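K.L.:
For LYS264, ASP269, ASP287, GLU348, the entry in TrEMBL reads Mn(2+) 2 binding site. Per TrEMBL, Mn(2+) 1 binding site is recorded for ASP269, ASP346, GLU348. The active site annotation in TrEMBL covers LYS276, ARG350. Feature annotation from TrEMBL assigns domain 'Cytosol aminopeptidase' to 344-351.
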Amino acid sequence: MITPAPLPAPKITTPEQVTATGVMVCFAVQADKSSEKKYVSIDRIDELETSAKTALAQLIQSGEIEGKSGEIVQVATGHPSAPILVVAGLGKTAQRTRGKILETGAAVIRRLVDKSRAEITFLVGDAISPEHHDALVAGTLTGCEGQHLYQSEPAFFVPEKLAFVGVSPQATAEGETLGSSINLTRRLVNEPPTIMNPTEFAERAKIMASEEGLECEIWDETRLEKEGCRAILAVGRASTSPPRLVILKYNGGGDEAPIAIVGKGVTFDSGGLSIKPSDGMVDMKCDMAGAATVVGAMRAIAQLGLKRNVIGLCGLAENMISGDAYKLGDVIETRSGKTIEILNTDAEGRVVLADTLDVAVQHKPSAIIDLATLTGACMVALGNEVAGLMTNSDDLCRTFSDAAGQENEPVWQLPMFSLYDEKVKSKVADIKNVGEGRWGGAITAAKFLENFVGETPWVHIDIAGPAFADSPKPHRDAGATGVMVRSLVRWVRDRS
Ligand code: BES
Ligand code: MN
Ligand code: ZN
């Protein structure tokens, strides 16, 4: 089998002056009122060669460059060492959000990866607010990673060097951290499921931890047994790849209580005996995206040196079928002591999370955030670009939603009225792993999870929709998106 290329790592620099070499990138903006004389203007235009300036002026004049958000125009400069100038439109002030800046960086790179390029230089002026400079850098990195990991003819070329004129070394480093951490998350998800099984996932988490100086504990099946993680073991029992639990610890906050981030890591979800049809199974390598998000976010948090204590937990299992598979009607005593009745083996994520959340609670965290590709119902409710948020804490909901809003990662709260509680009550055990019929499926799943967090303030993010994309967009390939890494980092960073 082909070994996939290592994660993209172009050399990134912050030159003080513009030297016209390789591909140059500049930004076009629109004035907020179309009545203004200079409706379209190019940032840092004075630093460009005269020939390029003339070409740009003509293209603006003729309406070829409008400066609209999302517009990308390639211009021939006539300059021998920098023959191509890319002009990326950013639109009006209100359109220039952090998310859009990131997308613009990514979209520009994705336009240029069809050929091998030695150097791409971004000229960054007033058009992009300094708080968003790191997002631009992050975007250029996410633009370098796609899902084409096993193609024998290279059709995608990561540029060797990226330069950012006008961006501080700190913003550049932070953007590099963010972009490369998102790419790590995406890579873990995009790898085929037989490669990225629980053991391999745990190994990759461990490698990341040793690179970033994090503590890392891996519970194998013997340890899981000893710890009473019978729910994780039940889900993983039919697989030839045994389950794992990964605990990552970052200590940046002295002796304060830690924050716990928890991820569903079902490395492949066949549905088990409640088997999925092929159409529903085809993308189920993505069912460990929550755990991959935890690994990516922990990496970024450590590299940024955030002043918090954070524990990352990944519950890892492969949901398969064999003579030993967990069955409908089975009752499992979870690590917490609560008993669960299994009425659908395809509702396995909540079963894995039951034990994983219990381990999190044992660390006495001040808050728990879990991320899971948990329910198709959440996609029915919100579509495939919006994550569902369910919580037992209005406060935590507000702070997390704020963080996600600042990063332009859409999240929408679904209610957790106590009237839903009875829908997960079991006649045989304490609770059952499905609700009543299909109705409110995202919420009944969250209600199940709520049983395992005790009094700890907790937010559950259902990323079944946004974690994995069917089709590409100008700023990203199809496949894993790395959604919520940025929101998590922002939330940890801003938490006082
Ligand atoms: N991993 C799936 C949810 C999912 C579906 C994620 C589509 C991403 C895309 C989960 O384990 C699952 O199968 N959920 C069931 C629950 C049901 C059996 C109660 C579902 O949503 O159908
Ligand atoms: Mn399932
Ligand atoms: Zn699943």
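Glycine is treated like the rest: Cβ placed from N, Cα and C.
Buried or exposed, and what's around them? Tell me for each listed feature.
P.N.:
For ASP287 (Mn(2+) 2 binding site), the count of additional Cβ atoms within 10 Å of its Cβ stands at 30 [all protein chains shown]. ASP287 (Mn(2+) 2 binding site) falls within a helix when secondary structure is assigned with DSSP.
Annotation note: GLU348 (Mn(2+) 2 binding site) sits in a coil segment as assigned by DSSP. For GLU348 (Mn(2+) 2 binding site), other Cβ atoms within 10 Å of its Cβ number 29.
Contacts of LYS276 (active site) defined by a Cβ separation under 8 A and a same-chain sequence distance of 6+ are given as ASP269, SER270, MET284, ASP346, in order along the sequence.
Averaged across the domain 'Cytosol aminopeptidase' (344-351), pLDDT for the predicted model comes to 99.
Listed in sequence order, the residues of the same chain lying 6 or more apart from ARG350 (active site) and placing their CB within less than 8 Å of its CB are LEU374, ASN433, ALA445, PHE448, LEU449.
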K.L.:
With every protein chain in view, what's the tally of Cβ atoms within 10 Å of the Cβ of ASP346 (Mn(2+) 1 binding site), excluding that atom itself?
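P.N.:
Here the count is 19.
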K.L.:
Checking proximity to ligand 3 here: which recorded positions out of LYS264, ASP269, LYS276, ASP346, ARG350 have their Cβ closer than 6 Å to it?
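P.N.:
ASP269, in sequence order.
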K.L.:
Who sits close to LYS264 (Mn(2+) 2 binding site): which same-chain residues at least 6 apart have their Cβ under 8 Å from its Cβ?
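P.N.:
Counting only residues 6 or more apart in sequence, the Cβ neighbours of LYS264 (Mn(2+) 2 binding site) under 8 Å are ASP287, MET288, ALA289, GLY290, ALA291, GLY315, GLY349, VAL352, LEU353, THR356, ASP370, LEU371, ALA372, THR373, LEU374.
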K.L.:
Output: those recorded positions from LYS264, LYS276, ASP287, ARG350 whose CB lies less than 6 Å from an atom of ligand 2, in sequence order; none if no residue fits.
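P.N.:
None, as no Cβ falls under 6 Å.
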K.L.:
Measure the Cβ-based neighbour count of ASP269 (Mn(2+) 2 binding site), defined as the other Cβ atoms within 10 Å of its Cβ.
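P.N.:
The answer is 27 other Cβ atoms.
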K.L.:
Quick test of your reading of the structure: among the recorded positions ASP269, LYS276, ASP287, ARG350, whose CB sits under 6 A from ligand 1?
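P.N.:
From ASP269, LYS276, ASP287, ARG350, counting a Cβ under 6 Å from ligand 1 as near, the near ones are ASP269, ASP287.
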